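Residues annotated as domain 'NADP-dependent oxidoreductase' in TrEMBL: 26-300. The active site, proton donor annotation in TrEMBL covers Y49. Positions annotated as site 'Lowers pKa of active site Tyr' by TrEMBL: K78. As annotated by TrEMBL, substrate binding site applies to H111.
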Amino acid sequence: MSIKLSNGHNMPLVGLGCSVFPEPPSVVEKAVETALDIGYKHFDTATLYNTELHLGNALRKAFDAGKVKREDLFIVTKLPQNAMAPERVSQFMDKALRDLQLQYVDLYLVHWPVGMLYRGNEKEMVPVDGDGNYLYDANTDLEAIWKEMEKLVESGRAKSIGVSNFNEKQLERILKIAKIPPVNNQVELHAYLQQPQLREFCNKHGISLTAYYPLGGLSRKDYPAKLKITVAPKLLEDPVVLDLAKKYNRSPAQILLRFSTQLDVAVIPKSSNPSRQLENFQIMDFTLKNEDLELLKSLDQGESARSCFSWPGAEKHPEYPFGHARFVPPPAE
Ligand SMILES: NC(=O)c1ccc[n+]([C@@H]2O[C@H](COP(=O)([O-])OP(=O)(O)OC[C@H]3O[C@@H](n4cnc5c(N)ncnc54)[C@H](OP(=O)(O)O)[C@@H]3O)[C@@H](O)[C@H]2O)c1
């Protein structure tokens, strides 16, 4: 099952998330091998995750063994925050393609609207000063970056382009200047953070949505405390989800993933465990009834359930996308 993007390409509704932190990036190679055997076609990575090379290795092996053809896959990667300047878009696309060992990606996303400082080192994706402060580039020009993203489609390096973690206002600005409109916005979305307004906006403008943290992002419990990522909501243990799992004779993860896909939102659950990969992939052979969709809709906690905020200090950046609820103003001079 796929979503038809506004440019006519198809994006499979279920993909494999290839951000495996805190596991080492190399686990992705095995994870992709088992996922390909199961039938996954959609793989989501990012330059930030350091897994492009491992995804690329697994794909190359599968192509060489004749297991799968390039044109049957949907590969997504993302422009990192230290590349958020027009003159670096092409450079970082080329770096991603080299690591992925591919001629093109199916979808290239602007990972965050918030740019970070570039100090001449491509690998320094999250620059930090000697005191541990994350270093941002306050001059991020989203419109100018988008013009460079369009050139990637024109040169054939990306079949489609989109964004991630953009709010409605930022999308509106891009739509206003775009010759090639974004086909996708990848955002945190799950039963506790359902984003009805953003979904309505995107639907109206032909922008598909992909949900990250579709299970609530369990792996976050292992993140270092300094990243200010809140404790994972216990979405997989919510009583409503557990009751529905019993009713449909499915796992809680399957209920949650089916819920998002029934909202026409693609899901990219991460798992390096083959049996959970299989479980997450087998969700299209049942349908949640309307009354059960309504039950799940009632779990929405809105913005209070958001748990991914980028790096500390991002809230002071002019393009911070999530409102300024967590913005702490600098002391008056
Ligand atoms: N655009 C962005 O800014 C952004 C931000 C964050 C993430 N992402 C993307 O979204 C993907 C998914 O996010 P995520 O990995 O943080 O969150 P997630 O997919 O919601 O949760 C992953 C966690 O759930 C566990 N899990 C997987 N399947 C399960 C199942 N059937 N039952 C129980 N537990 C299960 C995994 O453990 P096991 O591996 O042990 O199964 C892992 O700990 C990432 O890999 C990345 O590609 C994008």
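Along the chain as shown, residues are numbered 1 onward.
From the backbone N, Cα and C atoms, a Cβ is placed for every residue, glycine too.
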Separation of alpha carbons, Y49 (active site, proton donor) and K78 (site 'Lowers pKa of active site Tyr') (Å): 10
Rounded Cα-Cα span from H111 (substrate binding site) to Y49 (active site, proton donor), Å: 11
The residue listed as 'substrate binding site' - helix vs strand vs coil (DSSP): coil
Sparsest Cβ surroundings (other CB atoms within 10 Å) among the recorded positions K78, H111: H111
Neighbouring C-beta atoms (10 Å sphere around the C-beta of the residue listed as 'active site, proton donor'): 23
Reduced DSSP assignment, K78 (site 'Lowers pKa of active site Tyr'): strand
